[in-house]
Amino acid sequence: MLGAVVPVHRKGPNGIDCGVIQLEDGVQTLEAMLWTVQRVNEEKDLLPGIKLGLIAYDSCDNPTHALEQSVDFVKGFISHLNVYHNDSDILCSDGQPAVFRGGADQVVAVIGGLSSSVTIQLAMLMNMFKVPQVSYMSTSPALSDRTTYPYFFRTVPSDMHQAHAMLELLRKLGWTYVSVAYSDTEYGRHGWELLSALAVNYSVCFASPVHRIDKQDFTDEEATNTVLTLNATETKIVIVFSESFQPSVVKFLLKARDLDVLERFTWVFSDLWTNKFSERADKSWQAKLLEGSMCVHPISRPLDGFNDYFMGLRLDHERVNPWWRELWWSHFKCRDEEHSKGMCADPHSTVQTVNGPSEIPQARYLHFVRDAIWAVAQALTDMQRERCGGRPGRCEAMRHIQGTVLKDYLRKVQFNDVNNRSFTFQNGRDGPPRYSVLNYQRSDTAAGPGPHLGYSWVSVGDYTLNDDGSGPSLHVDAARIRSRGDAPLPTSTCTPDCAVGHIKIRARDACCWHCRRCGEFQRPLNEWACEDCPAGQRPTDDHLACEQVPEECIGYTHPWAVCAMAVASLGLVCTAMVSAVFWTHRHTPVIKAAGRELSALLLVAELASFLVTFVMVAPPTAATCGLTRFALGFCFTLSYATVLTKTNRIARIFNQCPGAGPKKTRYTSPGSQLVITALLTSVEALINLAWLAYEPASVHDYYPSRAVRQRVCVGLDDTSYLVGLAYPLVLIGLCVVYAVKTRKCPGGFNETRHIAFTTYTVTIIWLAFVPLYLASTSTAIRTVTLAMSLSLSGLVQLACLFFPKVYIVMLKPEKNTKEVVMMSTCHRTLGSTGTLPAHHLHNPAAALVRARQEGRSPCPSEMGSDMSPAMATSLADHDEDS
């Protein structure tokens, strides 16, 4: 047996339990249950050998009355426990457990109720006795609490989905600023809580205040104040979250009519207002009220075959349905006294004959009733198949059906609904989200005749699960929605939509806003917030996405690069000219005294310093970056290693002790000098190669500011490039030391002033350019700083170390003699004749050569007082070798 709780009668007025009998929500629902049970019993694949029965009670849509009527269920449940659990204290005279007769002891599940308030009371009762309950129309989210109502199921979806559907509809139609009125019932309160919690996700705002309509004590004054407050807002859309026929809500709508503000609003209902509304108000204004209204209602599906069944019922059906006679005489044409004496009293008359040719509309939710009974039947079938091994009938294992076991079968049940689509309980307890979006329209635009003076509800969309299992979504054909008359759909927003790239900033009423543009490097994250574009990106013109900032890099066309290349080119020309002069006059004393091999190596270093500029300003690649890092310190090292080697050789030759014997100074030959220079330079080469091996050269994007993206060598944007200059700095310092030590050497060998001036000038250059390099955020300036430093250093070396010799060779040939070259700096004063004094014409090296040719030792007078034999020997060897 199945139990059922159905609101056959309406709730009575003024504290009365039951009112008038109702057709759609009452008797028609009960008949849908009886018809479904009949279909189950006829189905061969459902419960073979077992028949279902139904015991129904009238709840009168009243929680208190529903509990009173459920006492028989309680008696049956207790009787069931007496028989099968052997723990009864109530025994009959024969010693057997007391049994409640009438079939209630065989009830395995209860179907109902309709309203959430009634269903919640029943759910607590069913939980006490561990009996599954399946509702066909109770949608309160509170019933989804598995802890509080573990035995509750429903084939209709939770209001949670209805709130999502309503908000999605508002967003779809652009209604972002709406008012809300809800009934002060379990259904209405939970509905408002869901709407307010989810509205922010749909960018929907509710005008203040929200209107709560008391279910019992909603006075005429309160109705007037509610309507006037509602009319004072800017909204044109009003959500009514209430059961379809709450008397207090009807009073609210009638008051809107009386105050002549009814047509200003478009109503969005959470429940379907059907033709029963006309029982409380005249039909002429009902169409005026509902026209253009919207409703998000659990999906409507016709129950095929039920209309034929219902229209064929006769008066003797009261043997099955005890309320049938009351409905027969109150709802059909049998209320007419003349008609009732004839056709209505005929035992062969059917609903079709007594009601006339007009068809009685089928309640839209009857398919949920069918699904509720079908779910229990399928669960019992699954239990029979598993416990009875496929044998028909009630085997011993099904004599006692425990609710705890049947509950588990219900959670996993699966069958096809009236549309032949698979039905399963969502989360093991709720019906899948299935809603119809309805619009109240005139009959000339509606699909078929309507019940109210040519008006009817027309389906314009649905909110159902997607076929791909991605969840529910709304599908609405906005072109089919009709407003009042031929007016276009109303708009209901607090302010116009913001332009592209702007966001909304809340202002008054928390539902209104003003627009603000996102920052220069921001894009809208949503309607209310901006987000920064990633580093190196900026918004597109439409501010809908971020794009890369155009890449910048120094190249041969950059103005700073052109300047650096001009200076380097000047250096190359000067180097070429100096090289030509040195090569042409390589046999002259001045060039010999300068050291031809080391001078040539120094010119190569200068040439490399100028050429590196063209590599530095090239578009950065891994190859150019690696070459720049290596050459930056290497060119300086090669230059000053050469100068250091030269000054060291002169110092070792001329600073010998005067009393030393005639011993030649070691490692003063040209080959030795080149080897020493190579060894000194190799230290820098090893440092640079190790650096490149540890941190290979590469290119990356550098962002000195949000609007700039530069492609640079790794290291150029920090101070790591200066690592390669530490060793050359040491060499420069040693060059200064040896330049000082050679300050008393003969003029042709004495380069103290030149080297010192070179060192000071290079130091000043680096003191000027290094801070500029460190302070600048422009990689172009940093690159040019390094290039210019190399070029200017090279030009300084050319000017200080080579140009004086070029000047003597080209413009003062009279000074390009051995005597002048070997003359001590302190004795190089010219007489009035322009020639050196005779006592200053001693040439120790020449005297030593002549003495060796004559096979004798040189005289002291020929050597000079300051020249040791060993020093003279080294210079003579140098004079002969060079």
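Including glycine, each Cβ sits where the backbone N, Cα and C put it.
Just so you know, TrEMBL annotations never went through curation; they're auto-generated.
Keep in mind it's a predicted model, so treat the numbers as computed, not measured.
These come from TrEMBL:
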type	residues	note
TRANSMEM	559-583	transmembrane segment
DOMAIN	560-825	domain 'G-protein coupled receptors family 3 profile'
TRANSMEM	595-615	transmembrane segment
TRANSMEM	621-643	transmembrane segment
TRANSMEM	674-694	transmembrane segment
TRANSMEM	721-740	transmembrane segment
TRANSMEM	752-774	transmembrane segment
TRANSMEM	786-808	transmembrane segment
REGION	852-882	region 'Disordered'
Rank 595-615, 621-643, 674-694 by Cβ pairs under 8 Å to the transmembrane segment (786-808) and hand me the top one. 595-615
Is it true that the transmembrane segment (721-740) and the transmembrane segment (595-615) have 3 or more Cβ pairs under 8 Å, skipping pairs fewer than 6 apart in sequence? no
Determine which residues of the chain contact the transmembrane segment (752-774) at the Cβ level, with the cut-off under 8 Å and only residues 6 or more beyond its ends counted. 643, 647, 719, 722, 732, 735-736, 739-740, 742-743, 781-782, 785-786, 788-789, 792-793, 796-797, 800-801, 804
Would the transmembrane segment (674-694) count as touching the transmembrane segment (559-583), if touching means at least three Cβ pairs under 8 Å and pairs must be 6 or more apart in sequence? no
Quickly jot the same-chain residues contacting the transmembrane segment (595-615) by Cβ under 8 Å, restricted to those at least six beyond its ends, or write none. 564-565, 567-569, 571-572, 575, 578-579, 582, 586, 624, 627-628, 631-632, 634-636, 638-639, 642-643, 645-646, 649, 670, 673-674, 677, 787, 790-791, 793-794, 797-798, 801-802, 882
On the 0 to 100 pLDDT scale, where does the domain 'G-protein coupled receptors family 3 profile' (560-825) sit on average? 79
